[in-house]
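Chemist: Swiss-Prot lists 1-58, 59-76 with the feature transit peptide. Residues or ranges marked as transmembrane segment by Swiss-Prot on the basis of sequence analysis: 193-213. As annotated by Swiss-Prot, ATP binding site applies to Gly290, Pro291, Pro292, Gly293, Thr294, Gly295, Lys296, Thr297, with the evidence given as sequence analysis. The feature Zn(2+) binding site is assigned by Swiss-Prot to His512, His516, Asp593. What Swiss-Prot records for Glu513 is active site, and it gives similarity to another entry as the kind of evidence.
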Amino acid sequence: MATTSSNPLLLSSNFLGSQIIISAPTPKTTTKSLPFSVISRKRYQISQSEKLMKSLPSQAALAALLFSSSSPQALAVNEPVQPPAPTITAEAQSPNLSTFGQNVLMTAPNPQAQSSDLPDGTQWRYSEFLNAVKKGKVERVKFSKDGSVLQLTAVDNRRATVIVPNDPDLIDILAMNGVDISVSEGEGGNGLFDFIGNLLFPLLAFGGLFYLFRGGQGGAGGPGGLGGPMDFGRSKSKFQEVPETGVTFGDVAGADQAKLELQEVVDFLKNPDKYTALGAKIPKGCLLVGPPGTGKTLLARAVAGEAGVPFFSCAASEFVELFVGVGASRVRDLFEKAKSKAPCIVFIDEIDAVGRQRGAGMGGGNDEREQTINQLLTEMDGFSGNSGVIVLAATNRPDVLDSALLRPGRFDRQVTVDRPDVAGRVQILKVHSRGKAIGKDVDYEKVARRTPGFTGADLQNLMNEAAILAARRELKEISKDEISDALERIIAGPEKKNAVVSEEKKRLVAYHEAGHALVGALMPEYDPVAKISIIPRGQAGGLTFFAPSEERLESGLYSRSYLENQMAVALGGRVAEEVIFGDENVTTGASNDFMQVSRVARQMVERFGFSKKIGQVAVGGAGGNPFLGQSMSSQKDYSMATADVVDAEVRELVEKAYVRAKEIITTQIDILHKLAQLLIEKETVDGEEFMSLFIDGQAELYVS
């Protein structure tokens, strides 16, 4: 190979007859340089002329030859990026010459010849990467900060990325093959910011835990607290130092007896000396019992407003929480707060949520509710006592409460808040009419008589619905029509005014409802007819309203004749259909009537002793509630023969009622036609208009 002395990068040196020529790299070079000794070592390992090099007399002589230069600065050559750095190859210029006469030439290799077996692309598989390392094709690697990815630089200066698995031998493999190893410092390698970032998360975590526990010690239990983990055991009761319920006994109507009992409790709190001077003890608890909507919670609010002492209020369901033991902890916390404010009142609404009978044995394991009620029993009348704290509680299920909770010393008094009578309903209607524009034609007495069995909540809803109807009709005041329509809406649902009813169906419904009304009007000792309507409401195509006796409702006592009349009235609709339209054209409209008749007849036989064959014996006792420690289902305490007798007696009572109804309708068929025609024309007939059909006096009460 010829060289030119004018090229400063081509140097020659003669040593014992051998000539070493260092040729310049190809024009594609970079500015970064490496020592020639490093280049010689790397290229010597991969030289294809290794055998020829071994033919030299001595490797030491060759090393001396390579490092003998008068100008060390000239032994630095540029490291190319593409193609790779030059290598040292030893070639024999003439095989016939002696060893000392051989020429050793260092030339730049052909890049394609050495890198042709490297993988393509910038993303290598791990197996391809290991294969290239073992072949010496990888010059250096740089690991990511977490060690999951590395970036390699091949001998041809190509770069690729490899996803690194968890291989503990990788570092040893790289070191054995002379690969330069480094680790990325990450972006923005500022040590101060890295240090702060590493500390930030632990500081935030500890700060959050500290804040939560501080909130648990003085959080939701106090005013404005956010609560915390420790707050689970704290009571959720609302505390009022000076109760501002806005309710007094003057706002409570229709519960005079209950007010009298509770006014005495208020007097205990205001003037305790008057009672203690006579040796009387202040009652520790007062249980308000009554149906839903009778005003139990309203009475408790009135007590708070009248007493003027600190008032705690909570719902029993708030005691039981997700975690075991929280209920008992909250009971303790509630009474600790109450004792610190004594004398005071603690009101627990719907106490049956935690006060149910114990020992049902249904769930297995420990019942959280039992822990809560045990703690409540201890706080109300336990070893330490709770002097100065009066507990008010309300429930509509007194039958499910534990007997230990109802004994004297805990709930000393049970105040029954029952449905109001006529006088009470009049007072309640007046209370709920405050702030409403009531017309002069409204008679509270008549409205009260049309609403037997209504509670205070029902009457409040009635007046509210009447006000809504008046506003919908763009009226300036509430008249009796709005109250009447609101009453029917509450009882039977809204009118279906847009329902398309054929004339045939309207005629059928008119005769059906006329049959009910006619039989009811001519039955002795039965409720008077209040209104008849064939306007569809809810699931009913027509309705007949009767005004039940106030005395009968309050006493709950029904005679045998009344129950027999009730069955006959219920069958009057089906009888009218049969008489007018024939047996083949009767409809399913009497299905609810049959259910009512069957229920009344079976109760007369099984419970009320109105059957001669069964006698004064109750058969088929009601099943107990298994969650109250009672039997899972009712036991059949009678034989199959007795069951057959019961069925026969029920059927006989129903048949007798059917005969009575049919006799009335066939006898007074003219009045039936008049009433049905009036209903077809007007769709609604009130009780007075209906009774005017009997002015001629020809119709007489049915006598069996």
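In case you wondered, yes, glycine gets a Cβ from its N, Cα and C as well.
Looking at the shown structure, what environment does each listed feature sit in?
Modeler: Following the DSSP three-state reduction, the secondary structure of Pro292 (ATP binding site) is coil.
Around the Cβ of His512 (Zn(2+) binding site), the number of neighbouring Cβ atoms within 10 Å comes to 28.
In the structure as shown, the Cβ atom of Glu513 (active site) sits within 10 Å of 26 other Cβ atoms.
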Chemist: According to DSSP, collapsed to three classes, what secondary structure does Glu513 (active site) have?
Modeler: helix
Chemist: What's the most sparsely packed of the binding-site residues Pro291, Gly293, counting other C-beta atoms within 10 A?
Modeler: Pro291
Chemist: Please tell me which one of the recorded positions listed here (His512, Glu513, His516, Asp593) sits closest to Gly295 (ATP binding site), measuring Cα to Cα?
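Modeler: Result: the closest of the recorded positions to Gly295 (ATP binding site) is Asp593.
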Chemist: Sorted by position, what residues of the same chain at least six away from Lys296 (ATP binding site) have a C-beta under 8 A from it?
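Modeler: Long-range Cβ contacts: Leu288, Val289, Gly290, Ala394, Thr395, Asn396, Val417.
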Chemist: Where among the binding-site residues Gly290, Pro292, Gly295 do you find the Cβ with the fewest other Cβ atoms within 10 Å?
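Modeler: The binding-site residues Gly290, Pro292, Gly295 were compared, and Pro292 has the fewest Cβ atoms within 10 Å.
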Chemist: Looking only at Thr294, Thr297, which of these binding-site residues has the biggest number of Cβ atoms within 10 Å around its Cβ?
Modeler: Thr294
Chemist: Could you name the residues, excluding Gly290, Pro291, Pro292, Gly293, Thr294, Gly295, Lys296, Thr297, of the same chain that surround the ATP site, i.e. Cβ within 8 Å of the Cβ centre of those residues, in sequence order?
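Modeler: Same chain, not in Gly290, Pro291, Pro292, Gly293, Thr294, Gly295, Lys296, Thr297, Cβ within 8 Å: Ala394, Asn396, Val417, Thr455, Gly456, Ala457.
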Chemist: Measure from the CA atom of Asp593 (Zn(2+) binding site) to the CA atom of Glu513 (active site) and give the result in Å, rounded to a whole number.
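Modeler: One finds 12 Å between the Cα atoms of these residues.
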Chemist: Compared by Cα position, which of the binding-site residues His512, His516, Asp593 is the closest one to Thr294 (ATP binding site)?
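Modeler: Looking at Cα distances from Thr294 (ATP binding site), the smallest one goes to Asp593.
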